[in-house]
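J.: Once you've had a glance at the structure underneath, I'll fire off some questions.
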Amino acid sequence: MATGYSKSPLELLNSSHQSKVLKAAIFSRFVLLILSILWRTLLAPYDTSAPLNPTCLHNPSPPLPSPLLPSLGSAIEKGVVWDSVYFVRIAQCGYEYEQFYAFLPLLPACIFVFSQTVFAPLVPLIGYRAVLALSGYVVCNVAFIFTAIYFYRLSVIILKDPTAALQASVLFCFNPASIFYSSIYSESLYALFSVGGCYYLVSRANNIAVLWLALSGFARSNGVLNAGYFGFQAMHQAYDAFYLKKRAFLALWILISGALRCICIFVPFITFQAYGYYNMCLGRSSDEMRPWCKARIPLLYNYIQSHYWGVGFLRYFKFKQLPNFLLASPILSLAVCSIIYYVKSRPEIVRSLGFQASVEEKSSMAEIFSSQKPQRSNDTQFSEKYSSRKQENHNFKLRKKISQGTDLAEGRTVRGSLEKLGYTSAFVLPFILQVGFMAATAFFVMHVQVATRFLSASPSLYWFASLIMTSHKKWGYMIWVYCFAYILLGSLLFSNFYPFT
């Protein structure tokens, strides 16, 4: 993928920087662990129901003998609070009640697998529920560490600046929703498969990207939004094929392939909805059916969010919820500022959805969002079959001229201009569009305090924050203060079953 005008991802990646990101990710997890244990030791929990574990509703297992280390098991189980209770319970007993279907199955499935394999020998020592909790902690924390590495790699490719990528990645390691990435929550797995999927997408490993982004939809419902990346890719590839290369058949093939990839990302979430319909609706009389079963489009997830959690458009706009709006205001402000800055910096890019990018950006974008790998593949053979040298566009000629060294000064200028763009490059546009939609959803539809963790896996927020830290030191310090304050506050409140986000 290396060209004369821009460095390849392998050239940009810095092993020293990756090592720093790895150390920051591991260190941040230890900090959260120590803080959680400290707060639980010093303060009494608001809700003491965390250790309760009634018999499974379906297929109850015989009672197990008392563990050899009950105090250790109890200490581990104390961390099972808020949504962690649901994830552990689903891993232990399956989807017993209707409201359980609000929690997607990837994390419970991982917890179950680890509890039955790697940590199974610990059951006699600490008890089965403690083993489930321990499995959840390990899965989520390890997933976060891998996410940080993928985050750095993705940032290097998009920003073309290893230093800015390092700064953004370290900030992600200490993000304001850090407590949820160290707890038994789906944020870590969602972030891993979302960020990792985007990395594979821009690395031109489309099949792996489809799998990873689809798995993100098995972790959290907003994973389906990741289909937009393939939509963006297909849109630009089809434009390039139809208008620049004058190959209508190839453009049609690209659109069909993009649509199929988008559908693949929706499949896990739709499959889970079908699973819920099968369990809750089929084989029941009309009187026994829940209201959502009779709907024209029986979406269990939407019904649960509305019925049990009161989620809906403007339903949270009440005076008593003002503290929660204040709690979410920093992350929402950061999101809004990042969008405004990008729009003001590149209005032509936003208006045209990237089609009015500079020649150099289009050239680089065609490479990054290409479905063809550097080596000869089936896609390459298909492309070559329907093309000729006469149809090569100006961008390819420019790359060729630069790579052959016939215009090295021009090549250096192009490379420098791309690297200077950083956060304002056309590559960031799909991430901006996604974070804009998610921020609007969090503010107008969801419980607004959830915005802190809902937006915490959005790469563009950290890229913008990295830019602010470099250009405005005072605001950079404010961002760090915000992150550390929420880490302290979150570990204090969340660990002791007090409401946080």
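Cβ atoms are placed via backbone N, Cα and C, with glycine included.
The following feature annotations were taken from TrEMBL:
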- 21-39: transmembrane segment (TRANSMEM)
- 100-123: transmembrane segment (TRANSMEM)
- 130-152: transmembrane segment (TRANSMEM)
- 179-202: transmembrane segment (TRANSMEM)
- 209-230: transmembrane segment (TRANSMEM)
- 250-278: transmembrane segment (TRANSMEM)
- 323-343: transmembrane segment (TRANSMEM)
- 370-392: region 'Disordered' (REGION)
- 370-385: compositional bias 'Polar residues' (COMPBIAS)
- 421-444: transmembrane segment (TRANSMEM)
- 477-498: transmembrane segment (TRANSMEM)
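Set these features in their place in the structure for me.
T.: Here the transmembrane segment (130-152) has Cβ contacts under 8 Å with residues 17-18, 21-22, 24-26, 29, 67, 72-74, 76-77, 79-80, 84, 87-88, 91-92, 107, 110-112, 114-115, 118-120, 122-123, 165-166, 168-169, 172-173, 181-185, 187-189, 191-192, 195-196, 199, 457, 459, 462 of the same chain, all six or more residues outside its ends.
Within its own chain, the transmembrane segment (179-202) has Cβ neighbours under 8 Å at 9, 29, 32-33, 36, 79-81, 83-84, 87-88, 103-104, 106-107, 110-111, 133, 136-137, 139-141, 143-144, 146-147, 150-151, 153-154, 157-158, 208-213, 215-216, 219-220, 222-223, 226, 229-230, 233, 368-369, 427, 453, 456-457, 459, 487, 490-491, 494-495, 500-501, counting only residues six or more beyond its boundaries.
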J.: Go through 21-39, 100-123, 250-278, 421-444 and flag the stretch with the largest number of C-beta pairs under 8 Å relative to the transmembrane segment (323-343).
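T.: The listed stretch sharing the most Cβ pairs with the transmembrane segment (323-343) is 421-444.
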J.: Where, among 250-278, 421-444, 477-498, do we find the most CB pairs under 8 A to the transmembrane segment (100-123)?
T.: 250-278
J.: Would the transmembrane segment (250-278) count as touching the transmembrane segment (209-230), i.e. at least 3 C-beta pairs under 8 angstroms with sequence separation of 6+?
T.: yes
J.: Same-chain Cβ contacts of the transmembrane segment (250-278) under 8 Å, 6 or more residues past its ends?
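T.: Non-local partners: 95, 101, 104-105, 206, 210, 213-218, 221, 223-224, 226-227, 230-231, 233-235, 237-239, 241-242, 293, 298-301, 371, 382-383, 386-387.
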